[in-house]
Amino acid sequence: MRPPAPAVLGLLLLLLPTGEATKKPTPCKRCRELVDKFNQGMVDTAKKNFGGGNTAWEEKTLSKYEFSEVRLLEIVEGLCEASDFECNQLLEEQEELLEAWWLRLKKKHPDLFEWFCVQTLKACCSPGTYGPDCLACQGGSERPCSGNGHCVGDGTREGDGSCQCHLGYQGPLCSDCMDGYFRSPTSETHSICSACDEACKTCVGPTNRDCGQCEVGWVRQDDACVDVDECAAEPPPCEDTQYCENVNGSFVCEECDPTCMGCTGKGPTQCRECIAGYSKESGQCEDIDECSLAEKPCLRDNENCYNTPGSFVCVCPDGFEEAEDTCVQTRPAGAEATEASPTQPPSREDL
């Protein structure tokens, strides 16, 4: 088989139908995936179907199988799933090139990806280079972006070669430390950016004594940045129905227990005062049972008192109805109750 012209193949591979560029894999990705599968196929077929027996015979036979068309066919047949249209299309277009590399060029060009995807099809670039002309990434192809970031388009015919820095790094070559990080040498030529202490906005070392500037919510004290206790400020930063909790560099306002009128912390034991209907008992705000007080709160004749959380209600008993601000008997004592007559005290939900 005669390989097609590489320039034509490269053009066919790079052209994608209008409107589908975002849906299909890039030419470089398709090429790389095919090469990865081919390389895996070589691993899977290495010394296949041989093991034990006549070693001398095996070595002689294996040496023939290693570079044979039989082995190539086994590899090629396993490259693409039947349903993978993109893979099968690329394989159909480039199978002759793969055969040429396998039979004649493998020793001269042992790196299939470099020969097939970079040099021949021009679908990809070598690592550390980018774009149509495979230019060196920022910082050089050997160590793009100072080793602290990603080169946009690295290894492809796309991108602009600029650096997208890893966390903690900044600058066109990702060689500078961001605020909140300091330079920590690892060798004579390389250094890393390590995180400052949380108290520091800028720093030269890892502790709160190495701060150049303190973060918001921290102040310099005795040559170190220490947390500001905002909860101790006057006036207090939280609402009257809240209590303040100091956290590193800030504070949070939490709601008081519903039984409290002002509080110093969480729960009914932290109330400054109790709301109406509650009183301090054993160190916490407890509901007052108004119905059990010596001075009865329900003053109408025949009226029953029911305690509720923080209050009470006055209700006419079974067989009585409220009329003209009093409880009037509507059913003689002992008479059978009707559906309209209450037969039990109201529930808390009803109240």
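Any Cβ shown, glycine's included, is placed from N, Cα and C.
Residues or ranges marked as signal peptide in Swiss-Prot (evidence: sequence analysis): 1-21.
Under the heading disulfide bond, Swiss-Prot lists Cys28-Cys31 (among others), citing similarity to another entry as support. In the three-state DSSP assignment, the secondary structure recorded for Cys28 (disulfide bond) is helix.
The annotation motif 'CXXC' is assigned in Swiss-Prot to 28-31 (among others) on the grounds of similarity to another entry. Residues 13, 86-87, 90, 113, 116-117, 121, 123-125, 155-158 of the same chain lie 6 or more positions beyond the ends of the motif 'CXXC' (28-31) yet place their CB under 8 Å from a CB of it.
The domain 'EGF-like 1' annotation in Swiss-Prot covers 133-175, and the record cites sequence analysis as its basis. Taken residue by residue, the domain 'EGF-like 1' (133-175) breaks down under DSSP into 4 helix, 11 strand, 28 coil.
Around the Cβ of Cys151 (disulfide bond), 25 further Cβ atoms fall within 10 Å across all displayed protein chains. Annotation source Swiss-Prot lists disulfide bond at Cys137-Cys151 (among others), citing sequence analysis.
According to Swiss-Prot, the feature disulfide bond maps to Cys145-Cys163 (among others).
All protein chains considered, the CB of Cys174 (disulfide bond) has 24 other CB atoms within 10 Å. The annotation disulfide bond is assigned in Swiss-Prot to Cys165-Cys174 (among others) on the grounds of sequence analysis.
In the three-state DSSP assignment, the secondary structure recorded for Asn248 (N-linked glycosylation site) is coil. Annotation source Swiss-Prot lists N-linked glycosylation site at Asn248, citing sequence analysis.
Positions annotated as disulfide bond by Swiss-Prot, on the basis of similarity to another entry: Cys260-Cys263 (among others). Counting only residues at least six positions away in the same chain, the Cβ atoms of Tyr243, Cys256, Asp257, Gln270, Cys271, Arg272 sit under 8 Å from the Cβ of Cys263 (disulfide bond). Under the DSSP three-state reduction, Cys263 (disulfide bond) is assigned to strand.
Here the motif 'CXXC' (260-263) returns a mean pLDDT of 94 for the predicted model. Per Swiss-Prot, the feature motif 'CXXC' maps to 260-263 (among others); the stated evidence is similarity to another entry.
Per Swiss-Prot, disulfide bond is recorded for Cys291-Cys305 (among others). When secondary structure is read from DSSP and collapsed to three states, Cys291 (disulfide bond) falls in the helix class. In the structure as shown, the Cβ atom of Cys291 (disulfide bond) sits within 10 Å of 16 other Cβ atoms.
Reduced to three states, the DSSP call for Cys314 (disulfide bond) is strand. Take the CB of Cys314 (disulfide bond) and look out to 10 A: across all protein chains shown you find 16 other CB atoms. For Cys298-Cys314 (among others), the entry in Swiss-Prot reads disulfide bond, with the evidence type sequence analysis.
According to Swiss-Prot, the disulfide bond annotation covers Cys316-Cys327 (among others), on the basis of sequence analysis.
What Swiss-Prot records for 329-351 is region 'Disordered'.
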Listed disulfide-bonded residues Cys31, Cys260, Cys291, filtered to Cα within 10 Å of Cys163 (disulfide bond): none
For Cys28 (disulfide bond), nearby residues of its own chain (Cβ under 8 Å, 6 or more apart in sequence): Cys117, Ala123, Cys124, Cys125, Gly155, Thr156, Arg157, Glu158
Cβ contacts under 8 Å made by the domain 'EGF-like 1' (133-175) with residues that lie 6+ beyond its boundaries: 14, 26-29, 118, 122-127, 181, 190, 192-195
Integer Cα-Cα distance in angstrom, Cys291 (disulfide bond) to Cys316 (disulfide bond): 14
By Cα-Cα distance, the member of disulfide-bonded residues Cys165, Cys174, Cys305, Cys316, Cys327 nearest Cys31 (disulfide bond): Cys165
